Amino acid sequence: MQQLNPSEISEIIKQRIDNLAVSTEAQNEGTVVSVTDGIIRIHGLADVMYGEMIEFEGGVYGIALNLERDSVGAVVLGDYQGVAEGQSCKCTGRILEVPVGEELCGRVVDALGNPIDGKGPINAKKTDAIEKIAPGVIARQSVDQPVQIGLKAVDTMVPIGRGQRELIIGDRQTGKTAVAVDAIINQKGTGIKCIYVAIGQKASSVASVVRKLEEHGAMDHTIVVAATASDPASMQFLAPFAGCTMGEYFRDRGEDALIIYDDLTKQAWAYRQISLLLRRPPGREAYPGDVFYLHSRLLERAARVNADYVEQLTNGEVKGKTGSLTALPIIETQAGDVSAFVPTNVISITDGQIFLETDLFNAGIRPAMNAGISVSRVGGSAQTKVIKKLSGGIRTALAQYRELAAFSQFASDLDEATKAQLEHGERVTELMKQKQYSPQSVGEMAVVVYAANEGYLKDVEVSKIGDFESALLSYMNSSHADLMNTMNGGSYSDEIAGQLKSALDTFKATQTW
């Protein structure tokens with residue numbers, strides 16, 4: 001048996017004590033109790049905050065959403081296959097942040113701001129929290145500048161202003177995304193940055209939208225945030241908040257941004273899934289009690305803010321500029337039921353809605369907007385002067401036409417005035433049709449609406465209205481470019497009206513279509 005030397009033992013112990021690294025950092029740790037469907041229940045973490053990031057073994061993160069007496073319920077961000085019962089986890093003291101800034105323009109990112117388009121890393125200089133409090137009443141400014149969508153039906157009847165929230169609502173396959181994509185394409189050259197948030201869609205659908213935006217040169221001013229159907233519910237729930245934070249960066253620097261949430265029904269479904277898995281009490285349609293707050297706190301962040309607010313946030317770097325974030329949330333209805341829980345919630349939060357109908361879409365009227373139900377509550381004060389002046393008769397003509405068309409089915413003999421109204425309404429309906437990816441300028445809309453109001457379409461066959469419009473716009477852009485530029489600037493006067501009348505008279509007399 002080997003003899004142990006007491007001095008050697010004491011020397012080894014002394015070395016071990018000297019080499020012992022003692023960390024004084026206090027960490028709030030817990031133990032994973034269960035892992036089910038992306039929801040992790042944790043024992044411990046006594047001082048965790050609501051919404052705080054929790055780090056699990058293997059570099060996986062989660063967010064604390066349920067704070068109970070004995071445990072914490074957290075939702076995992078991304079893949080949770082490596083998380084197992086008995087593993088330890090710790091608080092990070094941080095809330096979830098995403099990258100923001102100009103560097104994101106032209107890129108496709110996930111709900112955490114990671115690039116998913118294969119174009120390399122995004123070198124964003126700043127990050128910001130995804131959950132922020134909306135600007136207060138004093139920080140806001142009234143909506144009085146337009147966002148031109150480029151669709152005649154929308155810009156004439158339901159104008160949208162910078163800082164407004166305008167809901168696009170309709171059944172599946174009624175052209176909701178088409179309206180939103182046209183809005184993005186039309187912002188090219190206006191300085192308005194666009195954020196398109198795709199929630200719960202097929203990856204192929206998102207790729208198709210991105211391809212169309214690239215074809216029309218609109219990706220340069222657009223950020224696409226995608227949480228597809230294959231992504232976890234947590235990502236689909238967070239994506240709109242991430243997109244909103246990216247848009248707020250531009251708003252808070254005195255710039256203008258437009259954000260599209262496509263669509264918030266899927267976000268509500270994802271939130272319902274998370275809430276039920278967290279064992280929160282279900283309410284109407286099994287949604288949790290705070291699903292209204294989910295959408296209201298998101299949509300209230302879209303606003304027009306005054307110059308003082310911008311100056312304060314930029315520490316005096318940007319002076320005398322107001323900023324805005326305009327939101328176009330999309331809601332998908334089931335069989336036209338706008339009285340369901342989520343549609344009624346979002347209708348009450350937003351400043352108006354564009355209602356798209358299946359029957360109109362199937363009848364070939366696209367965009368399939370129902371002019372009677374669609375409304376813009378604040379956009380009227382933001383409408384361009386020339387469009388506001390000319391478009392008053394359009395909504396009335398369409399509303400009367402639909403009423404008379406329904407009535408005339410039961411009447412055999414109609415008087416001349418009613419017949420004239422029906423014919424005019426039919427022509428206006430035809431005139432409001434517009435091909436996808438072909439937005440019109442203010443001047444082009446003004447010419448078309450003026451022609452309808454002043455009776456230039458009376459002797460044009462309904463089937464020829466589209467050809468008439470194309471020929472008229474081609475003629476005006478080539479022969480009266482100065483007049484078109486003046487109207488594109490938004491101005492309108494008796495002199496311009498006289499020039500328009502003269503140009504249209506000449507067109508009717510000399511041109512063919």
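Each residue, glycine too, has its Cβ placed from N, Cα and C.
Positions annotated as ATP binding site by Swiss-Prot, on the basis of sequence analysis: Gly170, Asp171, Arg172, Gln173, Thr174, Gly175, Lys176, Thr177. Around the Cβ of Gly170 (ATP binding site), the same chain contributes Lys176, Glu332, Thr333, Phe355, Leu356, Glu357, Thr358, Ala368, each under 8 angstroms and 6 or more positions distant in sequence.
What Swiss-Prot records for Ser374 is site 'Required for activity', and it gives sequence analysis as the kind of evidence. Under 8 Å, Cβ to Cβ, and six or more positions away along its own chain, Ser374 (site 'Required for activity') finds Met157, Val158, Gly352, Gln353, Ile354, Phe355. In the three-state DSSP classification, Ser374 (site 'Required for activity') falls within coil.
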Q. Of all the binding-site residues given, Gln173, Thr174, Thr177, which residue's CB has the most CB neighbours within 10 A?
A. Thr174
Q. Cβ within 8 Å of the ATP site's Cβ centroid: which residues qualify beyond Gly170, Asp171, Arg172, Gln173, Thr174, Gly175, Lys176, Thr177?
A. Glu332, Leu356, Thr358, Phe361, Ala368
Q. For Gly175 (ATP binding site), which residues in the same chain are close in space, meaning a Cβ under 8 Å from its Cβ, but six or more apart along the sequence?
A. Leu356, Phe361, Arg366, Pro367, Ala368, Gln436
Q: Using Cβ-Cβ distances, find the residues under 8 Å from Arg172 (ATP binding site) that belong to the same chain and are at least 6 apart in sequence, listing them in sequence order.
A: Glu332
